[in-house]
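Read through the structure below, which is laid out as structure tokens, and then see the notes.
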């Protein structure tokens, strides 16, 4: 396997690193135009457009959008019908994800109020969104874990109604996906997808209710549609290819690290797996483990294409330098495969999720550790966060002014409003000067 | 003045309300194309493109972008040179805004960590953004209060570097805006604007450093540019016209309410002022107050155009019904002009800021009460929040798995990964089964 090897001591390291990381989400004019057309159609024609596009793209014929809804009883039947091991694994995962997000809600989604010296009460109230839409991809990349990771934070937030859409190309339904919807408290499921599903959720149709926010991953059409309806509804991030960065000090079993790099690479050919390590011999050991383990992997072809196309083994001067490079990359998943992983934590500023220690494999986080697996990709961890309960609530400021407060604040507002040439603002403040 | 009057008892009320609220942020193809061109130019040519466009659009000639930077000494001089009343008003406002956002940071921007039964430690760490860009409009709508409201939350969050851009058409600099930048802890100021400034912040040039997020209001070109660079950098919301909704029970001086409706209407002709009240006589009293007060207002022409074009006086059956309609509108500013305003709070779900009681005029909130005046418009309070400290931090999940934890979680991840056809994920978990 020919994986790019870099050393930070090389004079052209910066340029080569930049080249390795380069990924551009080029907007495709054809996709943009198609999506604009589909959205306009759904906005004008509602259900009829949804039906026509579902027939065209998914090969699913239905007389009405109501026929495309999956009942709660069918979701429960899918759950009940799972093999015991799958049912129990899904339940354990859901419980752990729920518990984590409950702790998150406690830490970050509380309102506040304080009273100042003038008796004004100032603060914020936090309320859940009324209704959200969750997009779940269908076909070959149908992930029940994504259903849990999107729906449970919404449920913990107290969202009134969770509407899931999932395309079923040629009518194929994924029992695990439906079972996960049952378990995660999804209220309604429609078997629609693509830009037409995003449009139906954003604008509402006679059958599909309009939502306040749409989350969940999708293909280029779904991403383009989400970007277009942003403002009309809220959206979560636009996801790029998945990435892992392993920061290794050389103390963790090389087979484990090799398999973790594979686990990212097996997603698709654009996925990126990078190892940063100050120990050249250890990098060789991981490379050897990869060569040895690759033939055993059912998805070896995808893994090889991903690693040869976008993977990297980077020899650094030190762990501290590796941390600095990690901050530049701002990876989606960051494994600190080190003996004392917490010593590096204060140096790590930007990452979607930080996995600490030999036993923290990314795959545990993907499925069942508890934290969300919807994470910022392509360096966007510089400014964005994992999907969380905070994405399903919003805040309203509370401004409760006392009579005394109005006397103190009025002249200040008057002066500043006059400075901005807004005299009605000034007058509104001075009318309340009663004392 | 001919302001639309509606009554909830009318059979066509729903349709007429919808008509009154209608506002569509139609994307203008000409603007879109111009902005795409400018952004591409800035990306490719950097400073040269910024200089050319600044000369073209602002009439400002400079030999280098460095010449367009305003030094810290100049900002301080602007502050020192203000009349005492303005300087003190700005200081009081800044202190109050800072104190409020410090309380907000305590309530919503803390990390957390807990240990589960298997000894796994799970949580999140919260870190500030490295560098943000603040867009401040220039020319006639140059608002120093916006500088405080954007920069102070960033400063409280601990953002490393705050870069402000503000266009200076024909070289006109606004001393209050520069003074506010000095006071609010802005690190660098460039006198550039439009799509070229957004591009410079998003991509970086030789002179303007690349930022991680861009906040602040702007015209249609700025909004289109922000929408386009979203993903490359974070952005705040795209603001529509400003709105106020007053929920009145008839107990507050009608002159005060009339002036509050004016204060919104004076912004521009698209601004929207709406009164909801169950007391018909009180609505008449407010209307009469508006007729009487209008001639005194310097911006009477804008106020009249706004109120006649988009204003509304709505007679409701009850305060409870008024609350329900308010939730449908999800206003940016909501004044509860009532005797016991807190009794209505549990009924109010969607609003950017809620002003409670007779003395809480919107203008106090706009300038100096403390809460942020950057608020979700056009019904987006259904899913978004005031600008806050939370917009200038991001979270990284922490996943610290114990050896025992890996034994418990491994089989769960194995089962679910197999169910999704991701065997390297499964193997990554099972390799850690050591006991």
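Glycine residues also receive a Cβ, built from the backbone N, Cα and C atoms like all the rest.
Per TrEMBL, the substrate site holds B:264, B:267, B:333, B:366, B:420, B:425; the candidate it also names there, chosen from B:242, B:384, B:385, B:402, is B:242. According to DSSP, residue B:135 (NAD(+) binding site) is assigned to a strand segment.
Among the residues the record lists as binding NAD(+), namely B:135, B:196, B:219, the two farthest apart have Cα atoms separated by 13 Å. With an 8 Å limit on C-beta distances, the recorded positions from B:196, B:219, B:333, B:366, B:420, B:425 that reach chain A are B:366, B:420, B:425. One residue stands out among the binding-site residues B:196, B:219, B:242, B:264 for having the most other Cβ atoms within 10 Å of its Cβ: B:264. Taking Cα separation as the measure, residue B:219 (NAD(+) binding site) is nearest to B:242 of the recorded positions B:242, B:332, B:420. The Cβ of residue B:332 (active site, proton acceptor) has B:242, B:243, B:244, B:351, B:352, B:353, B:375, B:376, B:377, B:378, B:381 as same-chain neighbours under 8 Å, each 6 or more residues away in sequence. In this structure, the CA atom of residue B:425 (substrate binding site) is 44 Å away from the CA atom of residue B:135 (NAD(+) binding site). Taken over all pairs of the listed substrate-binding residues (B:242, B:264, B:267, B:333, B:366, B:420, B:425), the Cα spread reaches a maximum of 56 Å, rounded to the nearest whole number.
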